[in-house]
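The structure appears right after this line, and notes come after that.
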Amino acid sequence: MAAGNHSTVTEFILAGLTDKPELQLPLFLFFLGAYVVTVVGNLGMITLIGLSSHLHTPMYYFLSSLSFIDLCYSTVITPKMLVNFVTEKNSISYPECLTQLYFFIFFIVSECHMLGVMAYDPYVAICNPLLYKVTMSYPVCSRLVVEVYMMGLISATAHTGCMLRVVFCKAKIINHYFCDVLPLLELSCSSTYINVVVLLCFSAFNTLAPTLTVLGSYASIIASILRISSTEGRSKAFRTCSSHILAVTIFYGSAAFMYLQPSNVSSMDQSKVSSLFYTIIVPMLNPLIYSLRNKDVKVALNKIIEKRLFC
């Protein structure tokens, strides 16, 4: 693969989060714990939704897909980062780097669009409740999920395909803890014009499309909620949306902080910290957000626990 794009680099060195030896073990233990919580939380959510018949609704169908995406893109990043904490040479081969880049983009873009799709469900439920079953039928939900993954597939293929044409022949130290587009482009000794154009176009679409969907959905939802006369009805409607609003805020907030800051040395170091939120922390928090703040999930979990205890 390295010969295919005339690159003289066969492997990269990941700079990681820190070069201080005394921090390696504490960080390893912290991120190992975070990854365990992520795996248990997201697998638990997928299993719970699959086993509980009253959770077989569009909202939880989307939530199980979100949990799958969170589990996958955390797995793309975290295990390699954990290995780098306990090894002297934090190397990654050229094929491994591009593979990590491909699957990271695939799942992170899928997450962006899945959060947008998930905003459509409460919009229909609150603004058009009489048409909910027709509008959010299983075929419609399945088609939306397939479209989400298609967006991820197209973006990952475009970015990785463009990265294959980049020539790496100078420094090979990636100033990050995983292979991301911008840190890789910084090492190029060939033109990156096409890569930058592709990055800007896809970033704009993959950010604006779900963001506008979320904003448009919640603008309509808020307008509908304000027309509800009873306080209890308003409160119930707001509770329906609160978990999703919190998840969207954390994800897009951390991603915006990462990619919308000035491009200099200090901001690259800051971006490592901010990228931790959407690569490590968000996948860990999402199942907690949707379980601790969700009565249906708590009830389903209690029923399964009771069945296991009395069997």
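Just so you know, glycine gets a Cβ as well, placed from its N, Cα and C.
If you check TrEMBL, you get these features:
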TRANSMEM  27-53  transmembrane segment
DOMAIN    41-290  domain 'G-protein coupled receptors family 1 profile'
TRANSMEM  59-78  transmembrane segment
TRANSMEM  99-120  transmembrane segment
TRANSMEM  148-169  transmembrane segment
TRANSMEM  181-205  transmembrane segment
TRANSMEM  211-229  transmembrane segment
TRANSMEM  241-261  transmembrane segment
TRANSMEM  273-292  transmembrane segment
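For the transmembrane segment (59-78), the partner stretch with the most Cβ pairs below 8 Å, chosen from 99-120, 181-205, 211-229, 273-292, is 99-120. With a cut-off of 8 Å between Cβ atoms, the residues of this chain six or more beyond the transmembrane segment (27-53) that come close are 17-18, 60-61, 63-64, 67-68, 70-71, 74-75, 78-79, 81-82, 85-86, 280-281, 283-284, 286-288, 290-291, 297, 300-301, 303-304. Panel annotation: around the transmembrane segment (99-120), residues 59, 62-63, 65-66, 69-70, 72-73, 76-77, 80, 92, 144-145, 147-149, 151-153, 155-157, 159-160, 163, 178-181, 184, 202, 206-207, 209-211, 213-214, 217-218, 244, 247-248, 251-252, 278-279 of the same chain, lying at least six beyond its termini, place a Cβ under 8 Å from a Cβ of the stretch.
Here the transmembrane segment (273-292) has Cβ contacts under 8 Å with residues 17, 31, 34-35, 37-38, 41-42, 44-45, 63, 66-67, 70-71, 73-74, 77-78, 104, 108, 176, 178, 180, 243, 246-247, 250-251, 253-255, 257-258, 298, 301 of the same chain, all six or more residues outside its ends.
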